[in-house]
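Asker: This is the structure I have questions about; it appears just below.
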Amino acid sequence: MIYHDKVKDTLQALYAKLEYTHKYTQLPWLVVFLYHFICSSSFGSSEKMQHTGKWISISKVKMTIFPGLYYYRLSPLSLACTEDVIFQGPRWRTEPSDLILPISSPDQQATITCEAEGSPPPQYRWSLNGTLIDLGNDYRRHMSGGSLIISNLDKDQDTGVYQCTAFNTWGSILSRRASLQFAYLDNFKTQTVRSAVNVREGQGVVLLCGPPAHSGELAFAWIFNEYPYFVQQDSRRFISQETGSLYIAKVEPSDVGNYTCVVNNTVTREKVLSSPTPLVLRSDGVMGEYEPKIEVHFPDSVPAAKESVVKLECFALGNPVPEISWRRTSGVPFPSKVKMKNANAVLEIPNFQQEDAGAYECMAENRRGKNAVRGRISFHAKPHWLQTMTDTALSIEENLFWECKANGKPKPSYSWLKNGEPVAEGRVQIENGALSIAALNLSDSGMYQCVAENKHGIIYSSAQLMVLASPPSFSKSPLRALVKARSGSEVTLECKPQASPPAISLWKKGNEILITLLPNGTLKIANVTRRDAASYTCIAKNQFGTAKPTRITMRPTNMEIIVGESIVLPCQIACDPALDVSFSWAFNGQLIDFQRDSDHFERSISGDLMIRNIQLNHGGKYVCVIDTDVESLSTSAILVVKGPPGPPDKVSVEEITDSTAQLSWTPGRDNGSPITGYIIQARTPFTVGWQAVDTVPEVVNGNMLTATVVGLNAWVEYEFRVVARNIVGLGEPSPASAKTRTEDAIPDTAPTDVGGGGGTKSELVITWEPVPEELQNGEGFGYIIAFRPVGTVTWTRAVISNIGVARYVFRNDTIPPFSPFDVKVGAYNNRGEGPFSSIATVYSAEEVPSVAPKRVRARSVSAAQIEVIWEALPAIPERVLGYEVVYWEDDTKPDTVGKVRISGNYTLVNITGLKANTVYYLSVAAFNTAGPGPQSAPINTTTKKPPPDRAPLNIQWTMIGSTLTLHWDPVVAMETESKVTGYLVGPSLLILTNKTTVALSLSANDNYLIQIKAMSEGGEGVGSEPIHIHKLSMGARGSGASCLSPLYLSAALISALLCSIW
């Protein structure tokens, strides 16, 4: 006799010996013969046990060849009911993340994390760029748990996209992809001084940085002359973080000097400096005012990711310095989150969203004019899940339908994986984010993943499918053995067997089959009588199929749609699964060829018709035809496609004057939506593209086919075109009209920006802004210049017929120097004289100062700086605008070095950037617009010896509480260097001492940067390695010493920075 425990032990032992395989249907049958009375005991007709993480069912089947005996069938992945299912496939706890590391990472090791849970515990494998990594033969790579650890990093071998696979006996899942990149920053190719940039005062200038080869995000700054003097950004100066270049809108004398570009890699924290670029002020005059010229502007199209920070740069050169303003061309105001930085040169949009997309305009404006640039920010987003599938347990031969939905910009595409491999279509139907499997079998079990992907990213959603199979069983819901009922009452008999697939229930009263059942198999007996007393039996069977008529469950409906959109016309049925069903679609009486027209038409397996990117010619009648073995059905719908109007035609100019044009045209197609209005556009040789023009009437409605264009310029050749619109939008423009010239007219625009001055003795120089060609109104155009001494009545006139000239010089020996004149400039053409400009006051040329400055003295301030002092000139007939200091090394060549100008009544100037321990000769002269006057007698002085070029060494420190005590070795100057006079401890605390030790009292609420420099007559020496003290470290105790290496206190106490902190 074999008892139940022995049966269980035997089954477990056998199952433990079976090797794991995905082909579960190949597992052997286990037959155990039992006596009939054992089978009727508590062991039941179906029982399940768990072993090594797998559920199995033992199904009892009666053997007909041995009456009274049963055999038990072992079925892995089989369960009696879904409520008992435990899902134990792999589940992600931690997925890999992108890494970017310095090329010379200190630890030379990277860890890409990967961890999953499941039962049995998952195992792992890794791929690089889609190729499986052979960890057994790779000495640099190994796994810790599921994480991949890479030692001795190699940029060429290790850069790429990594993906982790977790698997156990239930199946496999792929992780999200993670990239490993390396950041670096090369040095500038040349370290020689860059070519000097020569500009006039008032002129704009761009200093190029030209960053070296790199990987990783960069940040830019500029040094002015020497560290730590950095260029401060304001409305006049701007550093682009896109190009690294320095932009100065209007150069001033204080801008003269050397500029060095500083490039920082934000990942590696490396820093490189370019060679200095000298900025030199030209001596040929001051640049006049001019309208803004936008040098920094964002691209025409700027892609932006969801929730990113978008920064648009815009900066203009101009005199006066332009003001920058921003707007959205749609007129929508900026939300409060939008910020303007660097004097409005940077527009920052944090947490970028769909509503922030659109066209943006940057406007640069000064009193000379304005200029604008536009660009469009487009929105894109990585896919993110709106709907994912969940772990599912279904009975064998049931249908599976999983759907996942993701959002993204552009719209994501979908694919499906089973156990890490693409799902093979056939029985499995895939449509976008939906997966369906009809009539499941045991081999369909496994781990499935829905993959949503667009060009900005890819995401995975995982779920486990368990296919259950078991015969009907009443072990959990047995029928009541005896039911007592009163005559006239109602009795309900439930039949709820556990079965996979669900069983078909049948009731018998004795041998009589009952057919009046409720849908769930329950038998209800109303108004019970004695004749209802009997033995009732419920029979449950695992059988598919029942005869039922074919019917359309979802049909298309008439609709209107806009051109370019996509729709789905549904056509779905319910029918007997045994029937063969085919779907076809007809459009306007013609069958749709889905292969030939695949760009627009696609038919789903279920019969639905998808129409993508609908065009105007897709409007019409659509018929869905369903054919089965026994009948044919059809359903139809009318699709109306609306679009923007077609282009108008035959645009002609009926009549034209010097400022108006009468137009007429014929309408184009309305494309399903009435034309609501027209827009007139014009183009001339002087415009950029087509521009909308003013009309009479102001609004041209859809019923009008004529209009008068107003506000045209005289004697200009015009082309016109017409654009129609309806509620859908603007249509294509009409062909252009024939070119037509407006009539000529007397000039109506006077020259602007009348001014002048300067020149040589006995000259009156007059300048103006020329009248643009499109405003000259006719042939024979020229200028009339009128001038007179201030206070007189009679005008002197001069005529200039050269339209390209914008300067007139009147010479007369009787003109007093620097005397005021009333000046005005007019325009004329063959039709007559136009208006004059407003009167401007212009001064005649002046004479240079006639006296040289006296009592000129000079002293050496440092190794690179000399201070020059002189007495201001007394009152003289000539104007004095400032002073000019000329200096040189060789007294025989007084033009070998340079000069410094200072405007105003200043009598002191510092000359910097000089050579150490060098004799310099100097001379001072007064200047005005006519140039410099006579120079003073030359004097000479010698610059100091240079400071020591060595930093203090052997820095020792002791820190108790908030007191930091520093001690260092003295710096001894060489014979060619200035003697050390003391030491400067800074920059957070500026302390000057003549000792080699100092005690600093630090605040617990501040951060400190400590550096020690030797001081001498020649200036500051080289600083020691910086020491960074964090405010959180106050109250700690420690001590240490350092030579040239960085300083480190305990973990968070003092960290030596290896690169400068800007």
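First residue shown is number 1, and so on along the chain.
Note: Cβ is positioned from N, Cα and C throughout, glycine not excepted.
What TrEMBL shows for this protein is this:
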DOMAIN    96-181  domain 'Ig-like'
DOMAIN    186-274  domain 'Ig-like'
DOMAIN    292-378  domain 'Ig-like'
DOMAIN    383-466  domain 'Ig-like'
DOMAIN    472-542  domain 'Ig-like'
DOMAIN    549-634  domain 'Ig-like'
DOMAIN    647-745  domain 'Fibronectin type-III'
DOMAIN    750-847  domain 'Fibronectin type-III'
DOMAIN    852-946  domain 'Fibronectin type-III'
REGION    734-759  region 'Disordered'
Asker: Could you give the residue numbers and ranges of same-chain residues that sit at least 6 residues beyond the region 'Disordered' (734-759) on either side and whose C-beta is under 8 angstroms from one of its C-beta atoms?
Answerer: 285, 288-289, 368, 647-649, 651-653, 656-659, 661, 663, 665, 668, 683, 712-723, 765-771, 775-779, 781, 783, 807, 809, 823-838, 840, 842-845, 929-930
Asker: For the domain 'Fibronectin type-III' (852-946) against the domain 'Ig-like' (292-378), do we get 3 or more Cβ-Cβ pairs below 8 Å once near-sequence pairs (under 6 apart) are dropped?
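Answerer: No, the domain 'Fibronectin type-III' (852-946) does not contact the domain 'Ig-like' (292-378).
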Asker: Could you tell me whether the domain 'Ig-like' (472-542) and the domain 'Ig-like' (292-378) have 3+ CB pairs under 8 A, leaving out pairs under 6 positions apart?
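Answerer: No, since the domain 'Ig-like' (292-378) and the domain 'Ig-like' (472-542) share fewer than 3 Cβ pairs closer than 8 Å, they do not count as touching.
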Asker: Residue counts in helix (H, G, I), strand (E, B) and coil for the domain 'Ig-like' (549-634), per DSSP?
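Answerer: So the counts come to 3 helix, 39 strand, 44 coil.
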Asker: Which residue counts does DSSP yield for the domain 'Fibronectin type-III' (750-847) in the helix, strand and coil classes, in that order?
Answerer: 3 helix, 49 strand, 46 coil
